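A short write-up of the structure that comes next.
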């Protein structure tokens, strides 16, 4: 009996040690976040084991776990019709909210889910619930795009999927089918989906036939650059769940089918050192010492290497492509973007990406709303229902939908 008690105590101590990570006191629901992070880390470790045994690519295995536990069929309710279909060969899930009696045509959002360009789905519960809420509360049509993922495809295939599906939806006959007002359409996405939404917005500004097709863009903790992994938010949140810096850098390398041997060098900005000529001019466009307020820069110092590894950019030139890093786009591209909403979270390595983009857009004359949550963490907006319901998740979702209601 005593041995059993000792064993149980030891197991409980090991579990507590695995789950516990130090978190800032201001983060929302810290113990719940620890449990969520531990669950995700466990899934990552299982997927890495599967990969090491040669059974499957680790990202395919990890996404299989995520989708298996969260997939939801297209189920309509009394107020929202949900259907799975394809737009020009790209799978989408369409949510048709109830019309307003005084408005025969509905507004619409094209939504792009997050997941590091490699994980999640428009068909998992988190995104299904978000888009259902948007369709119902906005009396709108939400088109959630099921774009192809790494490792089945790599950059820029994800962008092509999003652009192709959106162009198809914008055709007059398709808008008519869904009773959508062509003057009230927006693009939105979270995390890597925010990256793809931003890339689409920029691409549309450079096409005379698509230039004024989007009324708004709404970017939720978007990932917007891969040149500087030592912004204040990257330094502050280097190990913060659910997106530590090292994991974010690996997502970038995966997106470009790059070499994992480069990851550690990229973490310390060796890929954009002063001797990498291609990167020097572009780094000026994300000079956080001038783009961020003192309340965020604090005592953090820029990490700029004098000499680095020029081979990285030679082998992965996509790192310096504005389609992958919308933050480094030219000012003349930014000035034509629509009214913009950017949501950022304090406890997120990507916080400064969003804040710097807001600053650059404002400088280009774009009307921007920056919505910052001091207790937010990366990914929080989709965590609104039990058992992963966070108070900041509910507040961010409500704030996001409120902005769309007032501006779309």
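Just so you know, glycine gets a Cβ as well, placed from its N, Cα and C.
Note: TrEMBL annotation is automatic and uncurated.
Record features (TrEMBL):
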ACT_SITE  191  active site
ACT_SITE  348  active site
ACT_SITE  378  active site
DOMAIN    109-262  domain 'Alpha/beta hydrolase fold-3'
DOMAIN    321-381  domain 'Alpha/beta hydrolase fold-3'
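Cα-Cα distance from residue 378 (active site) to residue 348 (active site): 5 Å (rounded to the nearest whole number). Of all the active-site residues listed (191, 348, 378), 191 sits in the most crowded Cβ setting, with the most other Cβ atoms within 10 Å.
Across the domain 'Alpha/beta hydrolase fold-3' (321-381), DSSP classifies residues as 22 helix, 19 strand, 20 coil.
The average per-residue pLDDT of the prediction over the domain 'Alpha/beta hydrolase fold-3' (109-262) is 97, rounded to a whole number. Residue pair residue 348 (active site) / residue 191 (active site) shows a Cα separation of 11 Å.
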